[in-house]
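Read the structure below first, then the notes.
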Amino acid sequence: SEPGNHTLLMGFVLSGLSNHPELQHLLFFTFCFIYTITIIGNLLIFMVTVHPTLRTPMYFFLRVLSFLDISTASIVVPKMLVTFLSEDRSISYMGCVTQLYCVIFLGATEWYLLAAMAYDRYVAICNPLRYAIIMNSRVCFSLVLLSCCSGNVVSVVQTAWVVTLPFCGSRKINYFFCDIPPLIMLSCADTSSYEKQIIAATVLVIFTPFCLILVSYACIISNILKISSAEGRQKSFSTCSSHLTVVTLYYASGTLIYLRLKASNSQDTKKFLALIYTTVIPTLNPLIYSL
């Protein structure tokens with residue numbers, strides 16, 4: 001128990017993105033610029049879509065998505081920027097647990113929200129005359145609340161499992177933020193059963209909403225193909241293209257990270273994938289949806 005108590009007192013050390021000193025300043029300015037673009041782009045999306053003429057379910061969900069993107073980037077990037085310039089890369093135990101909870105909560109909530117947005121597109125294209133009745137404000141708020149509650153349950157369970165793990169060895173996390181895969185690699189206990197639970201949770205959290213998205217788009221495509229005019233089909237496809245792009249990026253990176261937890265030889269790959277869904281996607285979303 002002494003090493004475990006030592007971890008509780010001392011916390012962890014983040015290795016960051018790179019161990020090359022000559023790259024630290026370049027990485028700092030690069031990701032500082034990306035973070036600035038993320039905040040400005042998502043705030044612009046948020047401010048533009050509150051216009052009275054854009055108070056529709058699609059733009060309501062887009063505002064929530066922008067808020068989640070700002071929150072995700074703000075949980076991860078500022079601490080990452082500090083590690084680029086400071087020799088002290090430590091993070092307290094409670095700080096690490098808090099960051100882990102927030103990242104899982106925001107990520108899981110966004111997965112469920114993307115499923116809700118797919119349902120919104122399904123109703124808009126397949127039931128256009130009843131769209132305003134089906135997707136009323138109460139339904140929209142309920143879908144967002146359900147997404148948040150589901151994300152909270154997932155995060156609480158996953159974080160509680162990680163907290164119970166004994167950390168007896170090195171305190172150095174080979175990552176740029178506290179996440180499940182690098183923390184599992186630090187544990188000195190047998191984590192095979194825990195890894196199975198994580199994979200089961202990944203299937204439940206990622207593939208369940210993803211299957212709902214697939215069903216929605218199967219119905220959408222079937223309906224679009226019935227449209228006689230080429231212009232009508234193109235217009236219908238264009239309303240879904242941005243959402244499909246975000247879904248592909250987000251679900252692909254999340255699945256590859258959490259289905260192979262202890263693959264140490266792919267740690268750099270996991271860093272790259274984590275960088276995509278915590279930093280790159282929040283930056284790209286405003287551009288994708290604006291186009």
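Glycine too: its Cβ is placed from the backbone N, Cα and C atoms.
If you check TrEMBL, you get these features:
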TRANSMEM  26-48  transmembrane segment
DOMAIN    41-289  domain 'G-protein coupled receptors family 1 profile'
TRANSMEM  60-78  transmembrane segment
TRANSMEM  98-119  transmembrane segment
TRANSMEM  139-161  transmembrane segment
TRANSMEM  198-224  transmembrane segment
TRANSMEM  236-259  transmembrane segment
TRANSMEM  271-289  transmembrane segment
Residues from the same chain, set at least six apart from the ends of the transmembrane segment (26-48), whose C-beta lies under 8 A from its own: 17-18, 54, 62-63, 66-67, 69-70, 73-74, 77-78, 80-81, 84-85, 279-280, 282-283, 285-287, 289-290
Proximity verdict for the transmembrane segment (139-161) and the transmembrane segment (60-78), three or more C-beta pairs under 8 Å: yes
Residues from the same chain, set at least six apart from the ends of the transmembrane segment (236-259), whose C-beta lies under 8 A from its own: 107, 110-111, 114, 117-118, 121, 124-125, 179-181, 198-199, 202, 206, 210, 213, 217, 220, 223-224, 227, 269-270, 273-274, 276-277, 280-281, 284-285, 288-289, 291
Most Cβ pairs under 8 Å with the transmembrane segment (98-119), selected from 60-78, 198-224, 271-289: 60-78
For the transmembrane segment (271-289), distant same-chain residues with Cβ under 8 A (at least six beyond the ends): 17, 31, 34-35, 37-38, 41-42, 44-45, 62, 65-66, 69-70, 72-73, 76-77, 103, 107, 175-177, 179, 242, 245-246, 249-250, 253-254, 256-257
Stretch-averaged pLDDT - the domain 'G-protein coupled receptors family 1 profile' (41-289): 84
